[in-house]
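**Student:** Sharing the features that TrEMBL gives for it:
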type: REGION; residues: 53-78; note: region 'Disordered'
type: COMPBIAS; residues: 61-76; note: compositional bias 'Polar residues'
type: DOMAIN; residues: 120-298; note: domain 'Aminotransferase class V'
type: BINDING; residues: 151, 152, 179, 180, 181, 182, 265, 268, 290, 323, 351; note: pyridoxal 5'-phosphate binding site
type: MOD_RES; residues: 291; note: N6-(pyridoxal phosphate)lysine
Ligand SMILES: Cc1ncc(COP(=O)(O)O)c(C=O)c1O
């Protein structure tokens, strides 16, 4: 494992031996994995819990489960952390701490940091989560980060501040297949400013329609083409469909050199790949916390606002403000004058959900047990292992596996996820069969209609044997089709 990790740390692709497709080899890597113990921090759905249709008071993995069939109690192979991350075990105790705080001291919970509680007072929770996220996104201080609302709301707030179209500069540059919410947000912002998408929205097309690859050159060329008329660039750190990781620092610097604001949707990048948002001079970024960060469905989203844009005198004209953005020293004074909290904190609107932030706090605690560097090392090896097994399957027999890997080959251009596109006359039919066989065998993957399956072996709770088993079941599904 060490030699694989050291190749990964150098940004090289790890090379696997001829016997890599044996169960023994997968188990050997798991036995040498220094992060393997982190899986114990999570409640992974079991094969039987996935079939639940009613609550029965049991949590998979806890001793209170009732099924007599031991095999059904085994954890599923959970490869959808790119959609909804697994539940950290400590979420339960944190929610209990909040219930006790609320029941015991009522409104005082806003200001009282209870002894023996793992959590800050309610009004400090979002900021304490920000302070725990410096390594996660590469911020220079906690004030560059805030957790609030959801990704799309935060995106609108950032567009309200940064997208100030003029007759000369009014275009927004995006990519051809943004996540629909980004698309709707941008379109509605244009409409809000009485602009039309046909005049003011520029879509970067894939360099190759087969692979859907977005080359950095084509992105820079689009920026060049609209250098005088573009106001803002909004791109995904990792493209949700193909899993391609874009060159955030290079694209950011290039856009800014042309006077264009660079904003990033990091929904698929935060907690997945190392980020250095401060050093890369990113203007703003937004991310949700329910994927690789494991904070639960709809949990509070993140926002990064570079220190360069911090409001030093309370005079950001285009900020949409609310009372929780007011500095804590005056927040409860009920004054009409808005005295903002520093940096990104001043963009808070409302009193956030303490329960929601408690889940996030639990999730961040797990990240605190390792580092993005270590996680990335394992992820490169784990995803590399998945790729090698898939390629061997594709080349097996008559080389007739009916799918190809959409995600770029290069380690620098991808995170954890690999997207498989099912091709050929029977491609969609095979995918349907495969999805059924995977579900029957307790493997949870994500399907994007009509022909793509996304597989994300998240290093926090997936291992090499999981990947090995996934490929074995996938093979079964392909052969049965
Ligand atoms: C790339 C991307 N952007 C935006 C969103 C929307 O996030 P939210 O529901 O927090 O607004 C998602 C959700 O999955 C996403 O994957």
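Keep in mind that glycine also has a Cβ here, set from the backbone N, Cα and C atoms.
Tell me about the setting of these features in this model.
**Tutor:** Secondary structure from DSSP puts residue 351 (pyridoxal 5'-phosphate binding site) in coil. Listed in sequence order, 122, 123, 323, 324 are the same-chain residues six or more apart from residue 351 (pyridoxal 5'-phosphate binding site) with CB atoms under 8 A from its CB.
Taking a C-beta cut-off of under 8 angstroms and a sequence separation of 6 or more, residue 291 (N6-(pyridoxal phosphate)lysine) has the following same-chain neighbours: 81, 82, 83, 84, 85, 267, 268, 270, 271, 272. According to DSSP, residue 291 (N6-(pyridoxal phosphate)lysine) is assigned to coil rather than to any helix or strand.
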**Student:** Around residue 151 (pyridoxal 5'-phosphate binding site), how many other CB atoms lie within 10 A of its CB?
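**Tutor:** So the Cβ neighbour count for residue 151 (pyridoxal 5'-phosphate binding site) comes to 23.
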**Student:** Let's check the environment of residue 290 (pyridoxal 5'-phosphate binding site): how many other CB atoms sit within 10 Å of its CB?
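**Tutor:** That number is 23.
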**Student:** So, three-state DSSP: helix, strand or coil for residue 151 (pyridoxal 5'-phosphate binding site)?
**Tutor:** helix
**Student:** Near ligand 1, which of the binding-site residues show up if the criterion is a Cβ under 6 Å from one of its atoms? Options: 181, 265, 351.
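**Tutor:** 181, 265, by Cβ distance under 6 Å.
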**Student:** Based on DSSP, name the secondary structure state of residue 179 (pyridoxal 5'-phosphate binding site): helix, strand or coil.
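**Tutor:** The three-state answer is coil.
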**Student:** Are there any residues at least 6 positions away along the chain from residue 265 (pyridoxal 5'-phosphate binding site) with a Cβ closer than 8 Å to its Cβ? List them or say none.
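**Tutor:** Listed in sequence order, they are 151, 155, 178, 179, 182, 234, 235, 236, 237, 285, 286, 287.
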**Student:** Quick one: average pLDDT across the domain 'Aminotransferase class V' (120-298), no decimals.
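**Tutor:** Over the domain 'Aminotransferase class V' (120-298), the predicted model scores a mean pLDDT of 97.
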